[in-house]
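These come from Swiss-Prot:
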type     : residues                                                                                      : note
BINDING  : LYS22, ASN23                                                                                  : phosphoenolpyruvate binding site
BINDING  : ARG92, ARG121, PRO122, VAL123, ASP124, LEU125, LYS161, VAL162, SER163, VAL164, ASP306, ILE328 : UDP-N-acetyl-alpha-D-glucosamine binding site
ACT_SITE : CYS116                                                                                        : active site, proton donor
MOD_RES  : CYS116                                                                                        : 2-(S-cysteinyl)pyruvic acid O-phosphothioketal
Amino acid sequence: MDKFRVQGRTRLSGEVTISGAKNAALPILFAALLAEEPVELQNVPKLKDIDTTIKLLSQLGTKIERNNGSVFVDASAVNEFCAPYDLVKTMRASIWALGPLVARFGQGQVSLPGGCAIGARPVDLHITGLEQLGAEIKLEEGYVKASVNGRLKGAHIVMDKVSVGATVTIMSAATLAEGTTVIENAAREPEIVDTANFLNTLGAKISGAGTDRITIEGVTRLGGGVYRVLPDRIETGTFLVAAAISGGKVVCRQTRPDTLDAVLAKLREAGADIEVGDDWISLDMQGKRPKAITFRTAPHPGFPTDMQAQFSLLNLVAEGTGVITETIFENRFMHVPELIRMGAHAEIESNTVICYGVEQLSGAQVMATDLRASASLVLAGCIAEGVTIVDRIYHIDRGYERIEDKLRALGAKIERVKGE
């Protein structure tokens, strides 16, 4: 397995161009199964999870071509309706194939999924949502099997809890249902809005995305179209933190500041000077150490759980003590023991971590456990004394496009060491 070797004590400064959002590109690629005509998706990042999705869609009979940042999807001749275990096991997002398959073809089956090792992320909300739209669901031999006679039927669905994944599944399936569907307590993330905008480009009638009440008027078919995936707010936040923890200055280009309000507020609280334009953000630490901050993760527009690991690192090298409470996923502090091996001082109590800032971390051999945790370990290596080796970086390749190239452009001394 590949590793990163990072030489530390670097002030990270410069410009970085932000890639398309993984968390929008994935649901949009799966939603393209609903289209009877070809679709062109622009600004699609080159990531492991995207490659897996393309393989899966191809296996279902979709014609797919990649050309730089664009992906051309033609699902007009889909003739397979099963997403098999060997592709699904590495990626939880595969469950998003189920809604479009049953909505358009009346049948679909997906192996129960894999992905990051972050606590329990059950698929039950996806299943109950599809059942409320009239699908019959069976769990057999490790597969979720969905079927319906005729079309799905619109329904009034109140979600038990806010779930990005289940909101995408229900919204996608409801686009081709008969009648109107209302989703109450829907997730409000920018990636949900992007998926809805994509579907509307193809002829869907979705309103209210970005609020907790989404209305979908069913249509009989979706056509083709061209759509540009929104920029990755989590990648943007990660590079802003890189400058914040190293006393540096960074400008993130081709991003969307309006998707990062909670993150920018906390960076300002930590002492960063921040300016924003329509599609750029600049952060200047002016050589200062950040101040520790206290926050809790929450569904959008609250503080994103996908930025929690990076801000844990910020707190661990900040002045003072900060408390972080994780309310979205259990078991999402697996990076903290690794950072403690680098000299950080922290206590974990249930879903809370208390971070006591230290002036300097020391390089060590550490292991990535999930996507965002691995990013925090790489950033820690950039500022630690000495050399840090980050193992199991396949996690990072699932969600960051060419992270080592982008960090090098900011002055990081990082190299990929090929594994056996």
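Cβ from N, Cα, C; glycine included.
A count of other CB atoms within 10 A of each Cβ picks out ASN23 as the most crowded of the binding-site residues ASN23, SER163.
A 10 Å cutoff on Cβ-Cβ distances gives LYS161 (UDP-N-acetyl-alpha-D-glucosamine binding site) a total of 9 other Cβ atoms nearby, all chains included. Taken residue by residue with DSSP, SER163 (UDP-N-acetyl-alpha-D-glucosamine binding site) is part of neither helix nor strand, so it is coil. LYS22 (phosphoenolpyruvate binding site) has a Cβ environment of 25 other Cβ atoms inside 10 Å. Most other Cβ atoms within 10 A: among the binding-site residues ASP124, ASP306, that distinction falls to ASP306. For PRO122 (UDP-N-acetyl-alpha-D-glucosamine binding site), the count of additional Cβ atoms within 10 Å of its Cβ stands at 11 [all protein chains shown]. All protein chains considered, the CB of ARG92 (UDP-N-acetyl-alpha-D-glucosamine binding site) has 19 other CB atoms within 10 Å. According to DSSP, ARG92 (UDP-N-acetyl-alpha-D-glucosamine binding site) sits within a helical segment.
Following the DSSP three-state reduction, the secondary structure of PRO122 (UDP-N-acetyl-alpha-D-glucosamine binding site) is coil.
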